[in-house]
Amino acid sequence: MADFIGAVDQGTTSTRFMIFDHGGNEVAKHQLEHEQILPRSGWVEHDPVEIWERTNSVMQNALRNGGLSGTDLAAIGITNQRETTVVWDPRTGRPYYNAIVWQDTRTDAIAANLERSGRGDVIRRKAGLPPATYFSGGKIQWILENVDGVREAAEQGHAVFGNTDSWVLWNLTGGPDGGIHATDVTNASRTMLMNLETLDWDDELLGFFGIPRGMLPTINPSSHPEAFGTTRTSRPLRAAVPITGVLGDQHAATVGQVCFSPGEAKNTYGTGNFLVLNTGTELVRSQHGLLTTVAYQFGDNPPVYALEGSIAVTGSAVQWLRDQMKIIKTAAESEELARTVEDNGGMYFVPAFSGLFAPYWRSDARGAIVGLARYNDNAHLARATLEAICYQSRDVVVAMEQDSSVHLDVLRVDGGVTANDLCMQIQADILGVPVSRPVVAETTALGAAYAAGLATGFWRHTDELRTHWSESRRWEPQWSEERRAQGYAGWKMAVERTLDWVKVPES
């Protein structure tokens, strides 16, 4: 058997290809960013063709960096930014429109009307999700209704939908020449279109959005030896390599953090934050603003479910300090600047740029800086930004404990923001529990590799994967209970100030 597993990690801001050995160690990687297209306020798009070109480049360059060829790979996995919606012509591979990104809020009227009509309760019961701009169903509906010719093309079988996992998979396996149009249960569970109990597209839900069933990819387990086909030799690997694992990014990170037992949780800090709690084979329906989702499904085994708290803006708030406010030149400088003050100076920053996700689900919210005094400066804003990342995670942890009665003993963390040591210390202080960062920080790509390797026998069992995990650093809480309570009370007041800011239109 070949000695390595590859993983495509198609993210919100970049695409990377990583190669791992039997010990789960990184052997080689390459990463490229892609353009963030912002045509209007609240609209966020990506160019699907650019994403596919970046995927080609990173796969070729990672192999070159490692001195490897495609034949050295036993299999590859794919992980991706979830919910981001691509609709393309399967005859040509040409997208009908840019990919509408998960952060995009143009479908707020669609979501509001679903709620007003009472259909929101059906979506929650069947799909485990609230009607929100976040998910794919409304984005597909928007394209069908607003892009000329797409509705007619869909009815004729000439327009298909996929999240970026399906888009990359279809292209890797041949594109117009027999490419496989498929997805996995984790990505499908983020569309508002899949029934969590049947793991199939639900005709009633499809009817809510007016989506023809023929547009949709086949739903497969997250790890399977045959369901996703093989790469074409004409494609970037120049070899026929089995594609045996596909998971949405947060599900992949859950696998990469080896959260295989009920009650185990991880928090990924990236563009947004995503806290996922494994609930086992039990489907737990949230009563406190969380999402019920599929954590993963390996082969023919029953699906494992999870509760998730999705936060739209965390790491991207630091990017805002850099790109819009220009008070730092690099994201890493946020830590240095924030360390020059002892606290937030009474100032709170709620980065509700596109509304608030879990546990509030308020598309009418917008960002706010409150408690501002003449005393405050850029350092206080940097500190308040890091605290906002951590307070939003506390909101989710509180909801998770209410839904599951599970009290976290430690929070496992991963993602780019975890390189910010001050932010992780603040997180431990705000939660009052230790925060643990693993040695291998690229848990999203690693999880996709694990899913692919389990399907091929590269790794035998999840217990073997547990032996790969080790802690790099742990942060212990340092705040007093009084400071923790006062700080959180101030945060909750600040959140209240952001609500009812935007009138959600009726379609």
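Residue numbers in this text run from 1 along the chain shown.
Any Cβ shown, glycine's included, is placed from N, Cα and C.
Here's what Swiss-Prot has on this protein:
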type: BINDING; residues: T12, R82, E83, Y134, D249; note: sn-glycerol 3-phosphate binding site
type: BINDING; residues: T12, R16, T271, G315, G416, N420; note: ADP binding site
type: BINDING; residues: T12, T13, S14, T271, G315, Q319, G416; note: ATP binding site
type: BINDING; residues: R82, E83, Y134, D249, Q250; note: glycerol binding site
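Annotated features, which come from Swiss-Prot, shown on the structure.
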{"residue": "T13", "record": "ATP binding site", "contacts (Cβ under 8 Å, 6+ apart)": "E33, H34, Q36, T271"}
{"residue": "R16", "record": "ADP binding site", "contacts (Cβ under 8 Å, 6+ apart)": "V8, D9, K29, H30, Q31, L32, V58, A62, A445"}
{"residue": "R82", "record": "sn-glycerol 3-phosphate binding site", "contacts (Cβ under 8 Å, 6+ apart)": "W102, N163, T186, N187, R190, G248, D249, Q250"}
{"residue": "Y134", "record": "sn-glycerol 3-phosphate binding site", "contacts (Cβ under 8 Å, 6+ apart)": "E83, W102, S310, A312, F357"}
{"residue": "G315", "record": "ADP binding site", "contacts (Cβ under 8 Å, 6+ apart)": "Y269, G270, T271, G272, N273, A331, I389, G415, G416, V417"}
{"residue": "Q319", "record": "ATP binding site", "contacts (Cβ under 8 Å, 6+ apart)": "A331"}
{"residue": "N420", "record": "ADP binding site", "contacts (Cβ under 8 Å, 6+ apart)": "A332, S334, E335, L386"}
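Largest Cα-to-Cα span within the ATP-binding set T12, T13, S14, T271, G315, Q319, G416: 14 Å. Each of the binding-site residues T12, S14, Q250, T271 was scored by how many other Cβ atoms lie within 10 Å of its Cβ, and the smallest score goes to S14. Highlighted in sequence order, G11, G270, S316 have their Cβ within 8 Å of the centre of the Cβ atoms of T12, T13, S14, T271, G315, Q319, G416, the residues recorded for ATP, and are not part of that set.
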